[in-house]
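Sequence annotations record features per position, and here TrEMBL assigns transmembrane segment to 42-63, 70-91, 103-122, 143-164, 176-193, 205-228, 240-259, 280-298, 364-383, 390-409, 421-443. Residues or ranges marked as domain 'Cation/H+ exchanger transmembrane' by TrEMBL: 53-419. Per TrEMBL, domain 'Cation/H(+) antiporter central' is recorded for 502-637. For 648-795, the entry in TrEMBL reads domain 'Cation/H(+) antiporter C-terminal'.
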Amino acid sequence: MKISNSTTAGTAGSESSVCYITLDSPWSDSIFSRHNPLHTTASLLLLQMCLILSLTGLVRLILRPLKQPAIISDVLAGIIIGPSGLGRYPMFQKELFPPHTWTATRTFGIIGVLFHVFNEVLKEDLHYVLNSGRKEVVISLSGYFVSNFSSFVLGRCLMHFGYLPKNINRMHLLDSLSGVLALTTFPVLRPILSEFNLSTSQLGRLSMTLAVINTLLGTILTIVYSSIRHGNMHKGESVVGIYHFASHVALFILLLTLVRPLMMWFIKKAKEGRRMPSGFLNLSMLVVLLTGMLSDMLGTVVKAPIWLAFMIPTGPPLASALIEKTELVCRTLFVPFFFVTNGQQFNIWGIFRDWKTFWCLQLFFFTACLGKFLGTLLPALYFKMPFRDSLGLALAMCVKGIMELVTFTDWLHLNMLDTSQLAGLELSLLGVTAIATPCLRLLGRQRRPRSWNSNHWRCIAQSQPETEFRLLVCIHDKEDVPTMLHLANCNYHATKKNPTQLFTLHLVDLIGRGIPILICHKKSNQSQRLIPSKEGKQLDPIFSSFMKLERHSHGGLVVRPFTSVSLYKAMHEDVCKVALDNKVSLVIVPFWKDTLMYSTTHINVGSDHGIRQGRNIVVRKMLEEAPCSVGVLVDNDCSRTSCLVGSFHIALVFLGGPDDREALAYASLMVDNPGVKVTLLRCNLLSDHDEGFNVEKVLDDECIGEFKLKTCSHEGTVYYKEAFATRVEELVSSIRAIGTDFNLMITGRKHTRHSKVEVGLSTWSETEELGVIGDFLSSTDFAANAISVLVIQQRSMMPLLAIHANNASSRQSNR
């Protein structure tokens, strides 16, 4: 044990010497030793971490009804721990947050902020910003310059009329504050939009584009302001400002010419479809730390990591892997230490000693935000954006957060402001963000289009004969392609007058990408090939097989490819939009059952339970909100070798009900294809008592009769079987009797209710998305080698059902 001296920063412009006890070991021997465990670094640090996380979670829970973002609870938790809250009590401050731990706490916080900002910028693709239209650029620059000009004029007026307090440095504080408040940075706005599930909305996408433009502009102007400030601080050596600016330019060139090629080499060496090797990830994180160190040596700790993040290509394999490895730990464990450090410097009691300075800063902050609001709102209205979207966009541009707090903390250490002024600015930041974010959440909430009603819902049974069939298939990765190709091949006939319209939608997770986007890929009229795009190399293997099938269909199939880059929880919105805009009758989405044993060839090395769970969220949302019928595909046939030219054998299990009738309508579209064989098994579920006239049964009989009439000439390709069952065991035996020599089995999700059978089947079901029969067919209980299963749910067509019911009732009475 030894006594150590340390010089620790106190308030702005002062230093305090602290004597403290340092143990030879950073961890405690035991609680039975004579030493206080809190005097050891490890125990004290872990206790601080537990206290910070608990308090942050408690504040977040209290503010949840008020719809406040996480940044508000983080800042408030830091303030509560600081001298404005619990830190007022000497025992709390001495035992839990003694001054000699502030250096470690501040270091952890800086590292957390560095990686947090790097990860947020890494999710953004600079390509979309560089291709931004005139509207985005004009709105972004207008908001910045109007805000900067209005606050600049206010500062000059306060100084001219003598209302500016003497303790406010006009040159160093107000002019710099004008530039900071005029910016809305991407690392601040994106977490809030993602938290409120607004990143996939049109408002969210436009807001993030404007924020990226602001971020690029801010990094340049910050360096210019910083260079000017360094030149003014060394009046006798104004060349220092030039050196400061030149050093940043040299660092940027170093990143561009040395670090970026290194990252591109990592990406090139990574094998396609596999995770980035751990060695490359470790080197990449080392490069991030070195970049942050060099940037800190130049006085701007987060600027160079922002440049580095923009230089790394978004998405897999490198960007998404870096985010996956570092985001959770840094945001959960390290970043809260920054808010604690910030709270230790927050002195709310100093405001009461100088009200004039406080209200002057509030007026300045309000003027800058008002200029930002009007400078964004008016140009948005000029470009004929809806008032609701324009208002939401203006509010989004007023949001402040962690980047501003980093800047204020830096100014405190540079003696540009004191702790009471810091408290005033942070209260303004909390007030503006706390008011803007709930309003933004309300304005940005997804509104269902007026056309999204029952009059625009579509299903296969509703389609008129000899009209084109419109099918949308969703693909997560290349493992989904083979079975989707088989289904596409079964759904066209080369002699049909009206071709089948096949819409292929590649669903890409947003990890490693910032702005959600829906891409409609264009085709060349001459070659019918996809026109190269930004992501052409990555997406071409997914679509090339479908384009090849289109060229060999002799006009019977038309393929239209799309790509959706979005979060799993919001991915269904793009699927529904494509289905609604293109009048699709059926959407097929892949589904994974956790109970199935998948081979390593079926699931990518990069896939895990969390990814499958996220993809299944898309299925659940589609079953709830899709404007058309939905087919849930359990693909168990990837390991089999079958070709598009050979025969494709389909079995349809029909129990009755709207979903089964929709499945029968889908199967009837395939019978005209000479390469398809269809086996229809109708299971008649007998009740214990006579139910009399049953509309559903009449509709079932009509559909079966129409199917028989249509396929009477298809001898050798269409087979019809019928079974009767009064118990669950009899039904299961009837289904098993047809065998398992099929490529695909189709059934409806829900069936006509019969008390005994329905209750008995429901006790066997484990997956609600597949229904009782679909869950049984996709399990190994039905077949040792599980068969691919397509479970179809018909969009509820109530007006159509009423018409059919009336017609069926009149025909029954006429008989």
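One-based numbering along the chain as shown.
Cβ coordinates are placed from backbone N, Cα and C, and glycine is handled just like the others.
Contact between the transmembrane segment (143-164) and the transmembrane segment (364-383) is present: at least three CB pairs lie under 8 Å, with pairs separated by 6 or more positions in sequence. Broken down with DSSP, the domain 'Cation/H(+) antiporter C-terminal' (648-795) shows 55 helix, 36 strand, 57 coil.
The highest tally of CB pairs under 8 A with the transmembrane segment (176-193), across 240-259, 280-298, 390-409, is held by 390-409. Here the transmembrane segment (364-383) has Cβ contacts under 8 Å with residues 135, 138-139, 142-151, 154-155, 158, 174, 177-178, 181-182, 184, 210, 389-391, 393-395, 397-398, 425, 428-429, 432 of the same chain, all six or more residues outside its ends. Recorded stretches compared: 70-91, 205-228, 280-298; the one with the most Cβ pairs under 8 Å to the transmembrane segment (103-122) is 280-298.
With a threshold of 8 Å between CB atoms, the same-chain residues lying at least 6 positions outside the transmembrane segment (280-298) that come near it are 110-111, 114-115, 118, 244, 247-248, 251, 255, 259, 262-263, 266, 269-270, 304-305, 308, 318, 321-322, 325-326. Averaged across the domain 'Cation/H(+) antiporter central' (502-637), the predicted model reaches a pLDDT of 74. Counting only same-chain residues 6+ beyond the ends of the transmembrane segment (70-91), those with a CB under 8 A from a CB of the stretch are 51-52, 55-56, 59-60, 63, 97, 188, 191-192, 195, 335-336, 339-349, 401-402, 405, 423, 426, 429-430, 433-434, 437.
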